[in-house]
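J.: Dumping the structure here so I can ask a few things about it.
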């Protein structure tokens, strides 16, 4: 048997090699293969949002003004969801609804699906960008894994939830006040604050904020190579190469405060990664459950007793009444196409009224 040692050579004009060389070249803004997905999608998502909030009305879909042109400001402008009658249509510009008419497409809510889908793929492109760069400089991919958490929340809230409901209409519109309205909707119709997945999400986000504050303060407190500056910001060089804080001192401090403390940096930083990422993933799973109309905790015995005994009321039963009020008052405002009219006598009132 003959073994030939040599180097396999490709054609010098191989298109893939030419593209790979150009895309992954060291430049001020890295492009990469992921950039082919990230940059166009981010451009179209942001461009669609700025266009919608500046010029496009929601009169035909929600009966609302939603653009700067109509008098909204940054907090009240939004790119609104399509009308409920359009269900889960992709609302393509050339589709049967708009038939290539850009003005009609905007009036029907086509910009929302445009922004939502390009936004989702743009976020995925950003995560792939982190994978690609980590691989290029031989880092672990934990940044990309961490970024999967906000992607999961975005996809579950803006895409999976409305897919489980009757249409895109019930997704959040892209605007500040619009998101607030959606939060009230989630509470009134799903009792979201009493959902265990929401509780885990809150614990993750607030816990991560606490960990971040503690960690930053501890590192600042245990610097042992300070300069002679008058304050913390002048007292050390932010570009120095070596670590100049004492893990041992930090460990002794927190051992005295709590009785326990992290003894190595890997476990400490993994915990800071784990807490927020797990919290956001749990929130995303909870929203997937809401897409299927899964219920939060129900304490029916308290509801029955409150209905029978005017003197018995808990914070839970008060919240249930508040949710009923949100549903009754909000449904007529939020779904004008249904022509819902609730007589005064069916609107909920607490035991105190």
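Glycine too: its Cβ is placed from the backbone N, Cα and C atoms.
Heads up, here are the entries from Swiss-Prot:
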- 2: phosphothreonine (MOD_RES)
- 2: N-acetylthreonine (MOD_RES)
- 41-61: transmembrane segment (TRANSMEM)
- 118: chlorophyll a ChlzD2 binding site (BINDING)
- 125-141: transmembrane segment (TRANSMEM)
- 130, 143: pheophytin a binding site (BINDING)
- 153-166: transmembrane segment (TRANSMEM)
- 198: chlorophyll a PD2 binding site (BINDING)
- 208-228: transmembrane segment (TRANSMEM)
- 215, 262: plastoquinone binding site (BINDING)
- 215, 269: Fe cation binding site (BINDING)
- 279-295: transmembrane segment (TRANSMEM)
J.: If you measure from the Cα of residue 130 (pheophytin a binding site), which of the binding-site residues 198, 262, 269 is the nearest?
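T.: Looking at Cα distances from residue 130 (pheophytin a binding site), the smallest one goes to 269.
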J.: Within 10 Å of each Cβ, count the other Cβ atoms, then let me know which of the binding-site residues 130, 143 comes out lowest.
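T.: If we count Cβ atoms within 10 Å for the binding-site residues 130, 143, the smallest count is at 143.
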J.: Which one of these stretches, 41-61, 153-166, 208-228, 279-295, has the most C-beta pairs shorter than 8 Å to the transmembrane segment (125-141)?
T.: 41-61
J.: What same-chain residues lie close to the transmembrane segment (41-61): Cβ under 8 Å, and 6 or more beyond its ends?
T.: 67-70, 72, 77-83, 106-109, 111-112, 114-115, 118-119, 121-122, 125-126, 169, 173-175
J.: Give me the CA-CA distance between residue 269 (Fe cation binding site) and residue 215 (plastoquinone binding site), in Å, as a whole number.
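T.: On Cα coordinates alone, these residues lie 9 Å apart.
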J.: Reported as an integer number of Å, what is the Cα distance between residue 215 (plastoquinone binding site) and the residue listed as 'chlorophyll a ChlzD2 binding site'?
T.: 36
J.: Inside 10 Å of the Cβ of residue 269 (Fe cation binding site), count up the other Cβ atoms and send me the figure.
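T.: 14, counting other Cβ atoms within 10 Å of residue 269 (Fe cation binding site).
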J.: Please compare the binding-site residues 118, 198, 215 by how many other CB atoms fall within 10 Å of each one's CB, and tell me which has the fewest.
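T.: Ranked by other Cβ atoms within 10 Å, the binding-site residues 118, 198, 215 bottom out at 215.
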J.: Hey, how far is residue 262 (plastoquinone binding site) from residue 118 (chlorophyll a ChlzD2 binding site), Cα to Cα, in Å?
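T.: With the alpha carbons as reference points, the distance is 42 Å.
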